[in-house]
Amino acid sequence: MKTDRENDEKKLKNNQVIEKELENEGIIKPPDGGYGWIVVMGAFFANIIVDGVGFTIGDLLIPRWLEEFQGSQSSTALVTSILQGTYLLIGPVASALANNWGCHVVVVIGACLASAGFLLSALVPSLPILYITFGLISGSGFGFMFLTAIVIVSTYFDNNRALATGITVCGSGIGTMFFGYINPILLKLCNDNWRMYLSIASCFTFAVSLCGFIYKPLKPTEAQFKKVTKIATEYLEIKENEDINSNCENDNDKKKYLTDGVEFERFSHKSKSFTNSFNSTRPFLSTLELHASKKQSKGSWSQHDIATAATKDSVTELNRPLSKVDIFYPGSMENIRQRSSSFHESFKKKSFSKSTNDLEEKPVLMVSSLVLSQDNEYDDSGSISWKRNVLIAVKKILDPSLLKLISFIIFALSGFFTFFCFFVPYIYLGRQALSKGVPESQKNNLLVYLGLVNTIARVLCGYIADRPAVDALQVSNFAIIIGGIATCCVPFLSEYWMFVLYTIPFALGVACFSALRSVICVELYGIEKLTNAFGILLLFMGFAAISGAPFAGYIADLTGSMDYSWYIMGLIMVLSGVITIPIRKIVEWENKKNKKTTRDKESELEALKQEH
C-alpha cells in the first residue's frame, strides 16, 4: 500500500516536471512590448471609432429621426439602443470566433458589418427597418471590433498589460471627445442630411478593417514544435509502458473513460492507450493525451508520428486566446495573487504555490473548451469542425453555473442597473440643456466633456487595477452612487456650467464600473471564473443597454417632460451601487457553506470506505 502511494507520488512529481517543460516550450510567451505597442495603437484606434460613434450618434440623429419619421421618444431611441446593446450581447460569439479564426479576421468582419449597416441605414424609408440595419447589423459589427480589441491586447501583454489596456480603453473617452466635437461640423457639411452623415460614418467604421493587418496572431515556431514533440514522444513512450504493465487486461478496441466527469472515447490499438484524467493543474498533458488517443484510431502510426500530430493539435489548442483564464483581466498578472480571494484549489497549486516568480515562468492556462467537450466530433482529418469549436466556446463562456450564486446574481443585477442608465445622458443631456436655454454651440460641448472625464477616469482605474491595496469594489460602488445622485439632480440644472459640472460624477461612475468589473470579478470569484463571469455580465449589460434609453423616452412621452426620467434613472444608478456593498460578506458566507458541504461529502465517502 505504501509502495503504491510512493509510486503515485513519484508519477505525480514527474508529470509536474514534464508539464512545466511542455508549457515552457509550447506556450507562446507574450512579448510584453515591441510590436505589441503597434497592436495597442490599433486597438486604441478601434475603440475611438466604436465608442466614439456609439456614444455620440444618438444625440446627433435621434432628433432628426423624430422629425422625419414622427415616432415616439421611446421607439426612436430604441434604434441606437439596439446598436449599443447588440455590441455587448454579441460579445460571447465574437470571443468564440476570435478564438477560432483569430482577431485579425474577426475585426475585419466587424468593420465590414458595421460599415454595411450604416450604408443600408442611409437608404431606409422607415424607422422599423433601422432597428435591423442600424441596430442589429452595425451593432454586431461594433461588438466584433470591441471584443477583438480586448483580446488582442491581452494576448500580447502580461506584466505590462495594465499600461497597455489603459492606453487602449482611453480610446473610448478620446473617441467620445473627437466625435462629440466633429459630428456637428460633419452634419453641417452634409447640409443637415443625416443620410449623408451615415455614409461618412460608414467610411470611419470601415477604416477599422485596417486593424486586420495590425492584429497579427502569435504563432508557435517550428523550433517550439520540435522541442515539444521530443518531450511528448518520450512521455507517451513511458506512458504506454506503464499502461501495458499496470493494465494489460484493458485491451478492448474501444472503451469509455471518465475524466473529471467528462466522458470520452479511448481508442486502443495493439494494447496502446494514452489516457489520463483531465486535470486543471496539467492542461498540456491532459490535452496531449486526449489527442494522442484520438490519433491512434487512424491506424498503425509510430509513436513519433502520434506525438508529432498530437503535439501540433495540443500546441495550437492551448495557445488559443480563450485557453488563457486571464484573457479578460485588465491588470498585470503579477498582482492577481493578491487580488483574488477565492482561487480554485488546483489553480492555486498550479500558479501560485511557490512565489510570484512562477507567474513569469508558467503561463496561466485552463483546459481548452474543446477538450472538455463531452462529445467531440472530429472530421476526416481528425480536427474538430470550426462550427462546433465556436459553439463549445460560447457554451463555456455562458456556463450558467455562476448564476447559482446569490452574490453573482447581485453583481450581475448591478451591471444591469448601471447600463440601464449608462447611455441616457449621452442621448438626452444635450436636449435637457437646450430646454434650459443653453445655446446649441455650448450644448455640443457636453459630449466632449463626458469623453474627457471618461478618459481621465480610465487612466485612474488602470492605476487602481495595478494596485491590489486599493479596494476596487468600494471605489466602483462609491463612484456609481455619486453618479446616480448627480443624475437625480439634472432637472434642477439651469446653467451651462452646471451641466458641465454634472459630466464629472456621471462619467467617473460609469467609467469606474466599466474598467473595474473584471478586477472585481477576480477578487470575488477567482481568475479561473473570469471568462465565464465576463460573458454573462455582457448579456445582462446588453439587455440593459437596449431597454434603458427607450424606457427614459417612454417616461418622457408619458409625462411630457424628461424630469421624471432623470429622477428614475438616478435612483436606479444609486441602487446599482448600494446592492453590491454587502457582496463581499455574501461571498465569504457562500465559500464557508461550500467548504462545509465538501467536508460532509468527504466524511460520507470515508465512512463508506470503512464499511467496505
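Note that Cβ sites are derived from N, Cα and C of the backbone, with glycine treated the same way.
Per TrEMBL, these features apply:
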- 40-588: domain 'Major facilitator superfamily (MFS) profile' (DOMAIN)
- 35-57: transmembrane segment (TRANSMEM)
- 77-98: transmembrane segment (TRANSMEM)
- 105-123: transmembrane segment (TRANSMEM)
- 129-153: transmembrane segment (TRANSMEM)
- 162-182: transmembrane segment (TRANSMEM)
- 194-215: transmembrane segment (TRANSMEM)
- 405-426: transmembrane segment (TRANSMEM)
- 446-465: transmembrane segment (TRANSMEM)
- 472-493: transmembrane segment (TRANSMEM)
- 499-520: transmembrane segment (TRANSMEM)
- 532-552: transmembrane segment (TRANSMEM)
- 564-583: transmembrane segment (TRANSMEM)
Field: Annotated stretches the transmembrane segment (194-215) and the transmembrane segment (105-123) touching (3 or more Cβ pairs under 8 Å)
entry: yes
- request: Give me the stretch from 35-57, 105-123, 405-426 with the greatest number of Cβ pairs under 8 Å to the transmembrane segment (129-153).
  value: 105-123
Field: Stretch-level contact, the transmembrane segment (564-583) and the transmembrane segment (35-57), CB cutoff 8 A, at least 3 pairs
entry: no
Field: Interface present between the transmembrane segment (499-520) and the transmembrane segment (77-98) (three or more C-beta pairs under 8 A)
entry: no
Contact ranking winner - 105-123, 162-182, 446-465, 499-520 against the transmembrane segment (35-57), Cβ under 8 Å: 162-182
Message: Which sequence-distant residues neighbour the transmembrane segment (472-493)? Criterion: at least 6 residues beyond either end, Cβ under 8 Å.
response: 414, 418, 421, 424-425, 429, 432-433, 436, 457, 464-465, 499, 502, 505-513, 516-517, 519-520, 523-524, 562-563, 566-567, 569-578, 580-581, 583-584
Task: State the non-local partners of the transmembrane segment (162-182) in its own chain: residues 6+ outside its ends, Cβ under 8 Å from one of its Cβ atoms.
output: 36-37, 40, 43-53, 55-57, 149-150, 153-154, 156, 330-332, 426, 444-448, 450-459, 461-463, 465-466, 507, 511, 514-515
Spatial neighbours of the transmembrane segment (499-520) far in sequence, C-beta under 8 Å, 6+ residues away: 169, 173, 328-331, 339, 411, 415, 418, 422, 425, 429, 432-433, 436, 438, 445-446, 449-451, 453-454, 457-458, 461-462, 464-465, 472-473, 475-476, 479-487, 489-490, 493, 530, 534, 537, 573, 576-577
